[in-house]
Every structure is written in structure tokens, then in C-alpha cells.
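This report concerns only the one structure given below.
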Amino acid sequence: MRQLLPGDTVWRNIRLATMDPQRQAPYGLVDNQALIVREGHICDIVPETQLPVSGDNIHDMQGRLVTPGLIDCHTHLVFAGNRAAEWEQRLNGASYQHISAQGGGINATVSATRACAEETLYQLARERMMRLASEGVTLLEIKSGYGLELATEEKLLRVAAKLAAENAIDISPTLLAAHATPAEYRDDPDGYITLVCETMIPQLWKKGLFDAVDLFCESVGFNVAQSERVLQTAKALGIPVKGHVEQLSLLGGAQLVSRYQGLSADHIEYLDEAGVAAMRDGGTVGVLLPGAFYFLRETQHPPVELLRRYQVPVAVASDFNPGTSPFCSLHLAMNMACVQFGLTPEEAWAGVTRHAARALGRQATHGQLRAGYRADFVVWDAEQPVEIVYEPGRNPLYQRVYRGKIS
């Protein structure tokens, strides 16, 4: 009989989808196991016959499914306003590029967000965060990018820090100052990039407000040369990087980000084979964002078969934002990734667990159920992981465990 230490907590009579690639079964499934949690981490996974049947800190889950906590590795959670009117314009024939050129798009949200009080932004973002938590999300990336000036970018990152301080969910904050050219720099995008590189990145990094730097390399964002200035600045300071690339056209953004060993290249609908090879060589995760693909009614699919062939890890995220993916649901993103992009349900699960963890640089601690990893997991009223992907309108979450505590 396995001896437990005071303070140990056990979840027994469970079916574990460990998402551990070292296990041979699909989803890393193992039956009739018990999960021992100690000091917020998984201490061990053992056959349940090695443990007492009952006790003060022993939870009998009656055969329920347990998975790692979900990870949403790409969101724009902190913003004010909405862009419903733009959506109607697009449905009446206007393109995303045309709307952006007329001062809409990202800059419309920038105006609303700059004018919004920090406490109001916090309350709006907190409600969105808790919606994701209710689906089993335990680690969440939050980008800035709706300030496009030092003061408001800092305000957005402070909101992310305040959300993290609640200890309800892990937050990975990302500086996305190179999201768009603000109206006041419309005729001088290079000047804005200078502001980002010489002021925003170093000052906000010194304050410890973000974990990584992101950028938007696209015809409606920044060109390759401007994007590289951002990457060079970040890497000179030792900051991990990532990029929104190849969403609407092929500019070579994936190759650029991979050359700087980027954590991830996101969107990637127009990614070509050279870009896929560069991602493999750079250790860069491909992040699929099917919500934006759906909402913009795009037709160019990301090259899933090429990503498989080159063994590039593929993550899936909600891309929750007011303009192009107003879907605060990782379950829906998983379903869309399967239906629209052809992922298997197991690939979708890997995309919101171990590969999403890698996209945030957390692969050594998050995204799998194995000894030494964080005790962030979800108990589901389900028999198979596919059920969560198959029916996104139904949430079979039974229990969410964060840092070893039922939350």
C-alpha cells in the first residue's frame, strides 16, 4: 500500500487522458489510476489498488475522465467596445483591409480602449476570463495591442497582472504593441516602430509586465523589415518572441519569426513549405486560429498536412478578440479546428494542452498529466476526450482543479 504524506490529496477511480506522448494509447489514456497531488504539483500517478479507498483527502471520481487543464495560448482578452457594425459591413461586402484603411478594424478598438477606465477594463476582462475558466482553462495568454501608445499598453498589461493576482487562472502576458499603426502615426509607421522598439519594449520589460513580444506581420500590419526591428529589439533583451503571420497573404513572416527561434507563428493560413521547414528548424509552434478563419469567411486553409509531415507541433487557440474572433470558447475552437482544418480530435486536444504549453514556453510544467507537472486538471462527465470536441455547445465539466485545489 502506498503511503501518503500529510497534506497529500488523491483523485482516484478515474480515467486519465494524460496527453503524455510517451504513453502509447491515444490521448495517453490510462484506466484505473489514481492521481496524487502534493504542494500544487502532481506527485505521482499510480494504480488505484495501491491506495486506500477512502480518507479525508481522497476524492472518488466514480470513473470520470480527467484531462490536463486546457490552455488558451492566443487571446486578446482586454479591450473595450465591440465591432458588431464592422461585422455587418463585411457581410455587406466590405473587406477587412478596406475597413482597416477607413480607420476601422483594430484602431476602432484602440479608440474605445484608450478611453476606458482601467477598472472597467479589468471587470470586462475578468468576466471573459471566468468564461474560459468555466470550460476548464487553467492557463491563458493575454495580449496587449489595443493601446498602441505607452500609457495604454501599460494599462492593458496592468489589467493582465491584476487578473493573474486573483490566482484563479495562470496568465501569460504578451506585449503586442506592434499590432497596428495608430492613427497619429498613420503616415509614419516606421516612426511608430521606433517608439515600440526604443520606448515601449524596454520600459515595459523593465517593469516586468510581460513574458513575450508579439507582432502582426501582414499587409494591414507591418512589413518584414519593420517586424524584424521588433524581433531584434526583443531578442537583444532576451525576450521570447512570437508573431501573427501569413494570415491574409504570404510575406515570409513565419520564416522571419522562426529565424529568431520564435515560440509560435500564429494564423498561418498562407504558410508555404519553406515557412513550415523554417518552423521545424526554429522549434516554432504553429498556432491555428479557426475562429478568425470562420468569422472573416476566409477560404485559404493552413497547410495541416505539411505541418504533420515536418512534425511541427500544432496548437489551437480561441483568438478571442472583438473584431475577427468574438468567440470566448476554447471548446468551439477545438471543434472548428477539426471541422474546418481537418485536425483529428486527438490533435485538437494536443493543441490545447502540451502544444499550447510549448507555444507559451511552459512545456516543462504544463499541458500533461505526469509526475512533477503542475496539478492543473479537469474532471469531466464524459467517457472519452472526443466528447468535449464533438459537442461544443455542451460543457460536461464536473470539476476544475487549479494548483491542486478544486476551484
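Placed from the backbone N, Cα and C atoms, the Cβ positions cover glycine too.
The Cβ of His76 (Fe(3+) binding site) lies under 8 Å from the Cβ of Ile142, Lys143, Gly145, Tyr146, Leu176, Asp319, Phe320, Asn321, Pro322, each of these being in the same chain and 6 or more residues away along the sequence. According to Swiss-Prot, the Fe(3+) binding site annotation covers His74, His76, His244, Asp319.
Asp319 (Fe(3+) binding site) falls outside any helix or strand according to DSSP and counts as coil. Positions annotated as Zn(2+) binding site by Swiss-Prot: His74, His76, His244, Asp319.
All protein chains included, Tyr146 (4-imidazolone-5-propanoate binding site) registers 31 other Cβ atoms within 10 Å of its own Cβ. DSSP classifies Tyr146 (4-imidazolone-5-propanoate binding site) as coil under the three-state reduction. Annotation comment: Swiss-Prot describes Arg83, Tyr146, His179, Gln247, Thr324 as 4-imidazolone-5-propanoate binding site.
According to Swiss-Prot, the N-formimidoyl-L-glutamate binding site annotation covers Tyr146, Asn321, Gly323.
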Residues satisfying Cβ distance under 8 Å from Gln247 (4-imidazolone-5-propanoate binding site), sequence separation of at least 6: Glu218, His267, Ile268, Glu269, Tyr270, Ala292
Chain-internal residues, separated by at least six, CB under 8 A from Arg83 (4-imidazolone-5-propanoate binding site): Gly104, Gly105, Ala108, Thr109, Pro322, Gly323, Pro326
Rounded inter-Cα distance in Å - Thr324 (4-imidazolone-5-propanoate binding site), His74 (Fe(3+) binding site): 13
Which same-chain residues, if any, lie at least 6 apart from His179 (4-imidazolone-5-propanoate binding site) yet have Cβ under 8 Å of it: Ile106, Lys143, Ser144, Gly145, Tyr146, Leu148, Asp214, Leu215, Phe216, Gly221
